[in-house]
Each structure stands twice: as structure tokens, then as C-alpha cells.
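Engineer: Below is one structure. I have some questions about it.
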Amino acid sequence: MIVVSCVEYFFNKDSFLFWLLFSLGALVVLVNTFWLSKKFSQPFIFPYFLTMIKSKKLVKHIYSVSHYAKFLEKFAFLGLFIGFGLTWVDYWKARKLGGWKRIVLLLVFAVLLGLFFELFLKLLFRVPILEPLTIVGLIGFILLGLGGLSLAILVGYGVMSIFGLFSAKQMCPSIAPVIPGVPIPGFGGLTIPMIAWVSLGMILVIHELSHGVMLAYYKKKIHSVGLLVAGIFPMGAFVEEDNTELATSKDHEVLMMLSAGPASNFFTMIIGIILLFLFALVLVPFTPTINQELNLMYEGVGVFVVDEKVTFCGIEDTSPALGKLFVGDKIISLNGEDINNTATLNSVFVKSKGDMNFVVQREDKNVEVILTPIVFEDMNVKRIGAQFGSIKTNYEPPIWIILASMIISAISSILVFFIILSLAVAMFNYLPANPLDGGKIAEIILVPYAGFMKFGDEKETRKFIGRIFVWLFLISLLLNLIPYITMLF
């Protein structure tokens, strides 16, 4: 990504040299993909595009590391508390106590889970599309941990989508694939950058290796480890275990092995936050110099694009900026505040209420422009139909400044998306639906509560639990696709 940034900086995207280098890079990726497929993988679904890379070389290293895996077992145990909430507490301890002791223990842990939600997870519900689901999310988390929280969000937003359908109210999508360029649901059009694949690749590897280490810790057989890749981009990871051996394992061991993956993601999310904080501290002495040099490259903010239409979540309207702002206008102020850079413009734009009063420089004259933004209330998003950018000067900073800023930007992006995607992967994998880790965990820990069904066979009881959650997951997933469907019509 740093190389791509350098190419974009030194060569204009419209130039022949840029596209020549871009084509050479694509050729390298293609050759590398074929080499990966031939050397390591078995073609899977679409040969040479979507392939499975399998290797036995890492297996012996996993067994070596497993001797020190006691701490991972503890994190897996803690992960079950965070991942399955009161359900895990009751399965593990409370139901064995019985009576008032059971009630007291569950109440204590309910308070602890509520505090955890308030301190760390409530931030999720600052996203406007999730805000109405705060209470539902809290209840889901207390009862069933991160798995319950994820399920509450899916089911809750699915129900909201149905009401939106009948009230002719356009809802924004709440789910999207983790693909560069695809908008992140609830973030007002913010898209996933290509560099997020680096973070995702690390997360998937950590997740599956954690499963593998716990398998080895309990002396279970591992056949191979591998990645599922599209071209050279990671789509998934896996540890190939002996299913027959796993089926005869103790429930405690299976639970720890299953929980190790998402628990490790939650733990590495915390490490990511610490690393981002330390990285910011390390940069403090150098930031003023770098920013001072970079600021000399620009002289204010200009209008780069004026759209004819404003579109958001399938809703289309005439652009407020059309005929009022023009490409080449230089922004002098917004709502009385001087605008010298895009950061200041964004800050004033977000804080503004009602009409926006621009002063722009146009043909050596200052012109006042008043725009009424289109506000998407449910998303807390404003649009005026114009795109702004920094106006370049002829100043060229030292090459080390350019490279340093690119490296800082790349590392910061990797860490930020590592934190975000680690939480997302942990939440998703604790979902109590097969074939996810949470689905297999739910089949074990919910058996004591399904006795009223009187199947007589524990295996049948587990299958019944699995089917309930799979259908609930699939139905909620389909309901969450309603906004995509309504955007087409």
C-alpha cells in the first residue's frame, strides 16, 4: 500500500507511466496467484481465483507453541463469559449452586456485563442506524454475550426493515461484505480501503492459529492449516482437525478449542488499541515538523466536483450545490469560520445546523453562497452535492517527509482496521449459529435448558438447538437484505 501511495504521488493517474506501473503490478499479482495455486493449493470453487492454500509445515510449530498455551486456555474461558454472557455463567457455575445462590450469582454477573457494555460496547450504538437498538443490544449481551449482541442487532434491524417497508421509509443497509470500496454500513458512505486486507489477513490467521494451538494443547490431531484466498487477498483461514477425534472429546475441551479463536480476536483488539496509543506517543516529537512541511504543499480548500444529484441509501434528490458552487471555487469560510484545510472544513460541516453560509473566492472576487443541505435524519448524515479537496502549491517537501507521512498513514490505517475488524470477527464468530464457533458452543451449553423437549438423546437435542439458531440467523439475514432490495426499486 505504501508503494501504491508513492506511485500515485509521483505519477498522475491519467499519465501513461502510472498505468504502465499499475499494469506491471497487476501482472505481478496474477503471476503470484498462479504460483501460489501451483505450489501450495488445491483449486477451490474457481481455480486460480478463489483457492485454498493448505500446508502441513506449520503444524509442528503449532505443537511446539502449544506447550505454553495455558494462558490461551484462560483467555478462551474469559471469552466464553464475554461471548455468551449469563448463559455461560449459569452453565459453568450458577445452575450447580441452585436456589438463591444461583439467583445472586447471576445478578452479580448481570451487573458486571451491563457495566462492560456501558464502558466498551455502547460506543457501537453511536452509529445512527444502531441507536434505536441500544436496549435490545444490552439485553442480548447480558443474556448471551457478544453472540446475543450480534443476534439482537441482526434481528432488531431486520424487524426495523420490515416496518420501514410497510411505512414506505427507506432504510440503509446494516450488513456488507468486507471488500475494499464497499461502504461501511452506518458510516455515511465511508468505504473500506485496500489496506484493510492486511489487517483482515492478520486477524484470520490469529483466529485459526488460536484454534490450532488449543487443539494441540489438548493433544488432538491436526492435519493441516491454510488460507482461502481470492487472488492473493485473504478471504478466510482454517485448521483441519480430525473430526472423529473431536467428536469424542470432553465438552470442556471442545468449548475451549472453539472459544479460543474469537477470544484471541477480542484480546488482540485490546493489544491493537494499546499499540495505536503507543504509536501516537512515539510520533509526538515528529508530528509538528511533518505537518508543517506537508501544509506547505497546499494553500486552502477548493471545490473539485459538483454533483447533479445527491444519492444516499437509494434516496435521490437534486444537489443543493448545483448552480451555486462551481469547480475551481476556493473556500474562504464556512459559517463565519476561516477554512484553511479539509480537516477544519469537515469539522465545521459536521457541527453546522440548518443552512450553510459559504464564502468562496471566484475569479478574484469573494462570493457568498448559502446552501440548504439535504439531511438524512435517521443516519445523521448531511449532503450538499459537492466534493472538496486541498489546493496544491508548487512546493515539494523533502522525500523523507513524503515517505514518513505515507508510512505513518499506512501503519495507522492497519492498526485502526485491525481494532475494528478484530471486534467484528469476534462478534460474528460468537453468533450462536452453525457453522460458526458460536453455533457449536451453543449446541453444548444450551442442552441443559432444552430438557423440556424430551428428545431423550443429547445428540438430537444439540441438533434441535442448532436448527433453531440457524433458521433465526438466516431469517434475520434475509430481513437485513430488504434495504438492498428496496434501493433497486
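Just so you know, glycine gets a Cβ as well, placed from its N, Cα and C.
Please treat TrEMBL annotations as automatic predictions, because they have not gone through curation.
Found this in TrEMBL, in case it helps:
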TRANSMEM  16-36  transmembrane segment
TRANSMEM  71-91  transmembrane segment
TRANSMEM  103-121  transmembrane segment
TRANSMEM  133-166  transmembrane segment
TRANSMEM  186-210  transmembrane segment
DOMAIN    197-452  domain 'Peptidase M50'
TRANSMEM  222-239  transmembrane segment
TRANSMEM  266-287  transmembrane segment
TRANSMEM  399-426  transmembrane segment
TRANSMEM  468-486  transmembrane segment
Engineer: Counting Cβ pairs under 8 Å that sit 6 or more residues apart, are there three or more between the transmembrane segment (399-426) and the transmembrane segment (103-121)?
Structural biologist: no
Engineer: Restricting attention to the domain 'Peptidase M50' (197-452), give the mean pLDDT.
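Structural biologist: PLDDT averaged over the stretch: 90.
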Engineer: For the transmembrane segment (266-287), which stretch among 71-91, 133-166, 468-486 has the most Cβ pairs under 8 A?
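Structural biologist: Checked against 71-91, 133-166, 468-486; highest Cβ contact count belongs to 71-91.
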Engineer: Do any residues, 6 or more residues outside the transmembrane segment (133-166), come within under 8 Å Cβ-to-Cβ of it, and if so which ones?
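Structural biologist: Sequence-remote neighbours of the transmembrane segment (133-166) are 80-88, 110, 113-114, 117, 121-122, 124-125, 174-175, 262, 266, 426-428, 430-433, 438, 441-442, 469, 472-473, 475-480, 482-483, 486.
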Engineer: For the transmembrane segment (468-486), what are the same-chain contacts with Cβ under 8 Å, counting residues 6+ beyond its ends?
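Structural biologist: Distant Cβ neighbours of the transmembrane segment (468-486) are 151, 154-155, 157-159, 161-162, 164-165, 170-175, 313-314, 431-434, 439, 442.
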